[in-house]
Amino acid sequence: MFINSTNASHTPIRAVIIDLDGTMLDTLPDFHVAINAMRGQFGYAPITREQIALMIGKGSENLIRSVLALELDAASIEQRFDEAMAFYQGHYLAINGDHSALYDGVIDGLEAMKAQGLRLACVTNKPIAFATPLLAQKGLAPYFEIVYGGDSLPRKKPDPMPMLQVCADFDLAPAQVVAIGDSSNDAEAARAAGCFVLTVPYGYNHGRAIHETDSDGIVSSLLEAANLIRSHNNDAN
Ligand SMILES: O=C(O)COP(=O)(O)O
Ligand SMILES: [Mg+2]
């Protein structure tokens, strides 16, 4: 549970905000294919999944700049940026989801959350044009009342704006909402918004161990998260 059970008056959790890449789906193989296809158009050699894993989490612009920085200086990156982004987006949309897989416990966890009456939102730094078809293809779309991509709002995670927007949409206080993610971006955004935060250890945390990230707990799956929320709410009632 998130709050010491001796505090009988704590607020029940009513909604869950769930991250996409590295939390529900292992999308690293899709990023790998699309990035290397883009690099090939520039005549650059392929890079490894491990290299790309370190660059995921802060949205497409950050990813493309990080990839170009392997060859180019800062001024050249900006010169090639628009072309690289256009190449990358074309390749990503062509293969979106083809090489990605659900992590264990995702569907069971979402079902368990729904069964508890929790409202669900997906907040990802992935562009919304990638996130929407991917959620549909993987059977995740029906679970979410709200989906915000990295370009849906003026600021993305680790800024608290998307978390606060979800709280406002659901008409809930941040203390009634828990965010679940695989990276410090998710945890920082949730903390700054005043939401609870749980992390999963199996995603992409910029090469850092998830234990280094401040959270209210580490869960091995979304199913474990659902169970934790249930016991928190049982204590609250
Ligand atoms: O696209 C990214 O950089 C990461 O997306 P996420 O917020 O779903 O982990
Ligand atoms: Mg993530």
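Positions of Cβ are set from backbone N, Cα and C atoms, glycine also.
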Legend entry - Given TrEMBL lists Asp19, Asp21 for Mg(2+), the same-site residue among Asp159, Asp169, Asp171, Asp182: Asp182
Inset, instruction - Write out, in the order they occur in the sequence, the residues of the chain not among Asp19, Asp21, Asp182 that have a C-beta within 8 Å of the mean position of the C-beta atoms of the recorded Mg(2+) site. - result: Leu20, Gly22, Thr23, Met24, Gly57, Thr124, Gly181, Ser183, Asp186, Val200, Gly203, Tyr204
Inset, instruction - Reduce the DSSP letter at Asp19 (active site, nucleophile) to three states and note it down. - result: coil
Inset, instruction - Report, in whole Å, the straight Cα-to-Cα distance of Asp182 (Mg(2+) binding site) from Asp19 (active site, nucleophile). - result: 7
